[in-house]
Amino acid sequence: MVVELLANSFGSSQYRNTSQNNLTAIQIEYRKLTDFYDQFFTIFYWIAGTIAIPMNVLLLYLIIKKSPPSLKVYKVLLLNQCITDLFYALSITFLQPRIIPNKWAFAYVALGPVKYLGSEFAYETYCVQLHSIFYTFLSFPLSFGFRYYVLVRPVPQIKSLIMLLLSLWSIAIFQHVSFIFSEWDSKKVLAYLAINKPHYNMSGLIVSGNHMLEKPMTSFVLATIVLPMFPIYVLVVYFYYKVEGFLTANADKLRAQTVKGHRRLLMALTIQAALPVFTIFPPIGIYGLYHLELINVTVIEYLVYVLFAFYPAFSPMITIYFVKPYNMAIQRATGLYVRRKAVGDATTNYGETRLFKKEITETTQGNEGVSSVANALSRQAQYIENDNC
């Protein structure tokens, strides 16, 4: 740490006046420090990947094999989320990036197995990782929007839902291709670092990067990732309150367990949407301060993506826990499942579907004025999967 503080206390202009022997000595000591960081944070990348990849593969299996008919449409969104998380987990686990920002440039050091395939492949893997993050954010409002949509409109067809996802994906693909073509030559990246961070010893490392002035498309791509975050979360909050408001306004027409089931799923979606608040937004904020040179601690170059790596590990766990068919499939496979006795009119293993339809019938018999609400509730009844979906 003393070496790090000493090295970071000097500006590049001061290093130019430093004797070659002293500079070499600092490089050697600083390389020892970063080598330690490389080994230390690689452990966390492997921990996150060891959890994230199997969990997403498991969830993929559960969605395909264990989804009940009531999840026929909604599982398209679940598959979309799971596949995106799986690609993200694979790319970040095998890349294990360390990001070095400096003024107008960004250098990406590959610490994972991808480094054996060269800087070009490492950069393309970095693009896949960035693409997955961007598409994850684009997809956040969909599940919330779907929940509200089926309350007020007929259930969408699978084909329509797939077309919507492809439309969003086309935006992410454009961003992905743009970033691929904004790559800066790795030799120029190393030369730039040698001038601006002369205490860094980059020999033997696989480095790729971007330069915002040399490759203007870099600025555009970074803007497309950062700027949409606010409107995306505004949409998430909007649909959350729309669903919550509908449930509250019609609470007298629904049984307590029905409302509880909806709110259980809403809680799952909220937790998933909140994950970036803990795993993505803080490192982005710290990284911004580091890039602006308001703080100068080398460990930040590692923390940014190490924290990112845990997002695809937690996301499938939340889905498996809150979506009952998947939860029960795991319980049965592990011998932990205990069949619950039927209570009242809830005579199925799939939550309040029959109960819900009975409520609607009773309501409409007594009051034709609420038929439009009853129709909306009837549509939504198809999507009460296992008390939560």
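Glycine too: its Cβ is placed from the backbone N, Cα and C atoms.
TrEMBL annotations: computationally assigned, not manually curated.
What TrEMBL records for 55-319 is domain 'G-protein coupled receptors family 1 profile'.
Among the features that TrEMBL reports, transmembrane segment is placed at 43-64 (among others). Same-chain neighbours of the transmembrane segment (43-64): 75, 78-79, 82-83, 85-86, 89-90, 92-94, 96, 111-112, 306, 309-310, 312-313, 316-317, 319-320, 325-326, 329-330, counting only residues six or more beyond its ends whose CB sits under 8 Å from a CB of the stretch.
Residues 45-46, 48-49, 52-53, 56-57, 59-60, 63-64, 67, 110-114, 122, 125-126, 128-129, 132-133, 135-136, 139, 142-143, 146, 158, 161-162, 165, 305, 308-309, 311-313, 315-316, 319, 323 of the same chain, all 6+ positions outside the transmembrane segment (76-95), place their C-beta atoms under 8 angstroms from a C-beta of that stretch. If you look up TrEMBL, you'll see 76-95 (among others) marked as transmembrane segment.
Using a Cβ-Cβ cut-off under 8 Å and counting only residues 6 or more beyond its ends in the same chain, the transmembrane segment (133-150) has close neighbours at 74, 77, 80-81, 84-85, 88, 156, 161, 164-165, 168-169, 171-172, 175-176, 224-225, 228-229, 232-233, 235-236, 239-240, 242-243, 246, 262, 265-266, 269, 273, 276, 280, 308, 311, 379-380, 382-383. Annotated transmembrane segment per TrEMBL: 133-150 (among others), in sequence order.
Listed as Cβ neighbours of the transmembrane segment (162-181) (distance under 8 Å, sequence separation of 6 or more from its ends, same chain) are residues 76-77, 80, 123-124, 127-128, 130-131, 134-135, 138-139, 142, 217-218, 220-221, 224-225. Annotation comment: TrEMBL describes 162-181 (among others) as transmembrane segment.
Here TrEMBL flags 220-241 (among others) as transmembrane segment.
The transmembrane segment annotation in TrEMBL covers 265-290 (among others).
The feature transmembrane segment is assigned by TrEMBL to 302-323 (among others).
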